[in-house]
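Here is what Swiss-Prot records for this protein:
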- Q11, E69, S138, G142, T143, G144, N204, N226: GTP binding site (BINDING)
- E69: Mg(2+) binding site (BINDING)
- 424-447: region 'Disordered' (REGION)
- 432-447: compositional bias 'Acidic residues' (COMPBIAS)
Amino acid sequence: MREIVHLQTGQCGNQIGAAFWQTISGEHGLDGSGVYNGTSDLQLERMNVYFNEASGNKYVPRAVLVDLEPGTMDAVRAGPXGQLFRPDNFVFGQSGAGNNWAKGHYTEGAELVDQVLDVVRREAEGCDCLQGFQITHSLGGGTGAGMGTLLISKIREEFPDRMMATFSVMPSPKVSDTVVEPYNATLSVHQLVENSDATFCIDNEALYDICMRTLKLNNPSYGDLNHLVSAVMSGVTTCLRFPGQLNSDLRKLAVNMVPFPRLHFFMVGFAPLTSRGAHSFRAVTVPELTQQIFDPKNMMAASDFRNGRYLTCSAIYRGKVSMKEVEDQIRNVQNKNTAYFVEWIPNNVQTALCSIPPRGLKMSSTFVGNSTSIQELFKRVGDQFTAMFRRKAFLHWYTGEGMDEMEFTEAESNMNDLVSEYQQYQEASVSEGEEEYDEEAPLEGEE
């Protein structure tokens, strides 16, 4: 079967990763130590996309856990799903990267990277037909951003034809954890543009908003945020983990979602949104789900798609859903909101169905959108980057680890290029002839 190797790096990546494994081991009927006691054969049928089978009916996540300090790892090991993971797959240093991208990418991380690659190699060799890799990390810190992108490029070298998907937590406009976030994020995006096939952008602030506005949680914890992220990750990977009528894998998703190789940064959403404890008691319908996933308040990245246009998007429905109803609803959304979809990609909404809903819900739907409005996110980080870089603030931390200012300049211009590419396609129309516009312009005035 088509296996995926999962990597989680840094504190954020490990916490999101732990939440993800907790969610999907529950969906596949595994208990806290990986023993299968599920009810349906469907749970077993594609178990091996994410799990290796060990002796005694036990399943082990195909996960590699990486960090430059032992703290988070110990927490994961002591957590509810800590007994799931293979002990050899914990790879950690002692020094920490101290929120410094250069430490993660060039010094501390580079020393640990071969050890990680050995584990990755071992996991990949155990696969029948490796589909690709997914990595969870944040872009604002040192380990997840610096070492995470280092791992991505190393894995890219070794497995050039496998898919590389990343779940990347972007720095938020209002919620900032570290002062040097803009540096770390820009350097990371510079890497992701080149080396990732699909990047799902997640943003703490958008998650906070969802928790407070929709779930009515007054002071959400990271646990609540990670719960939302794991719901989306579970949704995006549903088609890989369960048989469905309209199935997709990482490559199909990428083929349908990425019109131009550099523009592979997606917004994600999930419906129905429920808080961790309470499952909704009302029946959800396909129209409701569809309306919810196309609602800007449901997006887990702090950019409003109404300021841009969708190049492509994909909706994954789970549960007992009628195919015709889904098709009608999606067509309905497209017809009513033609302004938000580029007209030079007809039928740019892809749908997938899977009959197994998440635990505790009758049906749910996950949304992945490639919208030009994601440029807001990069623009915001870019502005903060420029403000600091102009004064060369904090640069000595990076140059001290052997980085060159040139690299910062390159990263900055690469990100600016990305923003203008999104802008260019946002404004593009079907009849891309400049001279035609000039002829049409006076006509509008005459009417």
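The count begins at 1 with the first shown residue.
Each Cβ is built from the backbone N, Cα and C atoms, and glycine gets one as well.
Annotated features taken from Swiss-Prot, shown on the structure.
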{"residue": "Q11", "record": "GTP binding site", "CB count, 10 Å": "25"}
{"residue": "E69", "record": "GTP binding site", "CB count, 10 Å": "19"}
{"residue": "S138", "record": "GTP binding site", "CB count, 10 Å": "29"}
{"residue": "G142", "record": "GTP binding site", "CB count, 10 Å": "29"}
{"residue": "T143", "record": "GTP binding site", "CB count, 10 Å": "35"}
{"residue": "G144", "record": "GTP binding site", "CB count, 10 Å": "32"}
{"residue": "N204", "record": "GTP binding site", "CB count, 10 Å": "25"}
{"residue": "N226", "record": "GTP binding site", "CB count, 10 Å": "23"}
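The maximum pairwise C-alpha distance among Q11, E69, S138, G142, T143, G144, N204, N226, the residues recorded as binding GTP, is 23 Å.
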